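Feature list (source: TrEMBL):
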| type | residues | note |
| --- | --- | --- |
| SIGNAL | 1-27 | signal peptide |
| DOMAIN | 76-111 | domain 'EF-hand' |
| DOMAIN | 112-147 | domain 'EF-hand' |
| DOMAIN | 159-194 | domain 'EF-hand' |
| DOMAIN | 196-231 | domain 'EF-hand' |
| DOMAIN | 273-308 | domain 'EF-hand' |
Amino acid sequence: IKGNDLIIMDLRHFLMCLSLCTAFALSKPTEKKDRVHHEPQLSDKVHNDAQSFDYDHDAFLGAEEAKTFDQLTPEESKERLGKIVSKIDGDKDGFVTVDELKDWIKFAQKRWIYEDVERQWKGHDLNEDGLVSWEEYKNATYGYVLDDPDPDDGFNYKQMMVRDERRFKMADKDGDLIATKEEFTAFLHPEEYDYMKDIVVQETMEDIDKNADGFIDLEEYIGDMYSHDGNADEPEWVKTEREQFVEFRDKNRDGKMDKEETKDWILPSDYDHAEAEARHLVYESDQNKDGKLTKEEIVDKYDLFVGSQATDFGEALVRHDEF
């Protein structure tokens, strides 16, 4: 089987699984679809430094990485922490700022996104020039499907391709239809980028707005997350969602959500836990109180950041290098 055949088979398999999962979810009367994009919690531990620094370790490294922190001596912890500090110092000025620390924490919390991008990058950068053009992506993803005017599964791949092209163009800041890895990441995970939020809202509205009037009314809002499936009685959470729509979603009380109201719903301005944790780490480690950290200040407080525990920093550093 050729490479493109495999990609198309994977795509069809994914879409089939997605449709089956959706159908299964909608068949359950108490199942709820959540379209809201929340920032992830940094840790499920209690944030109380008087008891332990476990929360800070999860925040700084990611919970999965922090789980493996059991075998290093303090000396080894300090040495590896020093290496990771060099990676956090993006402008290489010898200081770690709150913003640099915040960026690292967000990276540590969302490694799965970069792993997904790396996997897909290898399948789409066909000429291995370190870039992915729209033509490369289209040919790798849709090439064989588009040659078949009547696919067996009946899925409208051309409509899906048009939607992908629109999103690709939005992610491509310089308009050359060639994506850098950062732009490709924005294309695959638009909810992570401020400049892509309008396309997230547009795609969501198109999914829910069944009568295509440019708005989401109450029944479309409820219908997206709940299927009556012949049941007359709605679960309590559905009744609550109806109240939420009237009281909070539809801010101007015109009976429907427009673009801005939809944006407020699916992309709420959550409390920035990463920034709060970055400020906390700086405050606790900043010995000369200049508002930024040297490598020495961080290593001196190694127990706050990593403790006397082990992790595979090597893999984390390689990943961070790639982005």
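Glycine is no exception: its Cβ is also placed from the backbone N, Cα and C atoms.
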Practice problem: For the domain 'EF-hand' (159-194), name the stretch out of 76-111, 112-147, 273-308 with the most CB-CB pairs under 8 Å. | Solution: 112-147
Quiz item: Reported in the order helix, strand, coil, what are the DSSP residue counts of the domain 'EF-hand' (159-194)?
Solution: 25 helix, 2 strand, 9 coil
Exercise. Count the residues of the domain 'EF-hand' (76-111) that DSSP assigns to helix (H, G, I), to strand (E, B) and to coil, and report the three numbers in that order.
Key: 26 helix, 1 strand, 9 coil
